[in-house]
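Chemist: Before I ask anything, here is the structure I am working with.
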Amino acid sequence: MVKVYIHDNKVDSDYRAPHNSGTELSLDELAKLGVIYKYCANEEEVNEIARQREYKNRDVVNICEGSFKSEAEFNEKLATFYQEHLHEDEEIRYCLEGAGYFDVRDASTPENWIRCLVESGDLLILPPGIYHRFTLTTSNHIKALRLFKDEPKWQAINRSNQADSLPVRKDYIALINQY
């Protein structure tokens, strides 16, 4: 089951560490950000969600040091994932093995990050337009099923004034202002 809490915002230590401030959050609080969490005991449950949400494509990513040509390439990829960004499409991940952290911006306190620890069986859906970042835990491994409505793509738009003015970002702000 996913663990959700306020990130401690300590930037002087390994971002793969838990960074738990001690302030736990509920799944209802996460839902107010448009983030959907489900525990799925098996892939059949994931398939049902895919059918309901009209996800037509999928792939599996295995992120660990052995997946890259060198430790430097691995660390570079982790740094890329950890840059604050958004997507124009939902980001849907089902953790098959290992663990990772998805950090999402707290809409009510924008200087805060909300950290979600996902482990095997956890499915997380981030809405289009939400600023977020990802990293592994110190175990340095996650195998995840990625679901897509259309052709598989992963286009990150790093946070900037230009990203703030995108229609997808404005739509996201309108969505969370409903709560």
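Using the three backbone atoms N, Cα and C, a Cβ is placed for every residue, glycine included.
Not measured: the values here are computed from a predicted model.
According to Swiss-Prot, the protein carries these features:
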BINDING   His85, His87, Glu91, His132  Fe(2+) binding site
BINDING   His85, His87, Glu91, His132  Ni(2+) binding site
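Burial and contacts for the listed features, if you can.
Modeler: The Cβ of Glu91 (Fe(2+) binding site) lies under 8 Å from the Cβ of Leu124, Ile125, Leu126, His132, each of these being in the same chain and 6 or more residues away along the sequence.
Annotation note: Glu91 (Fe(2+) binding site) sits in a strand segment as assigned by DSSP.
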Chemist: Note the Cβ centroid of His85, His87, Glu91, His132, the recorded Fe(2+) site, then list each other residue of that chain whose Cβ lies within 8 Å of it, in sequence.
Modeler: Leu86, Leu126, Ile130, Tyr131, Arg133, Phe134, Ala156
Chemist: What's the number of neighbouring CB atoms sitting within 10 A of the CB on His85 (Fe(2+) binding site)?
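Modeler: Taking every protein chain into account, the count is 20.
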Chemist: Indicate the candidate from His87, His132 with the smallest number of other Cβ atoms within 10 Å of its Cβ, considering only these binding-site residues.
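Modeler: Each of the binding-site residues His87, His132 was scored; lowest Cβ tally within 10 Å is His87.
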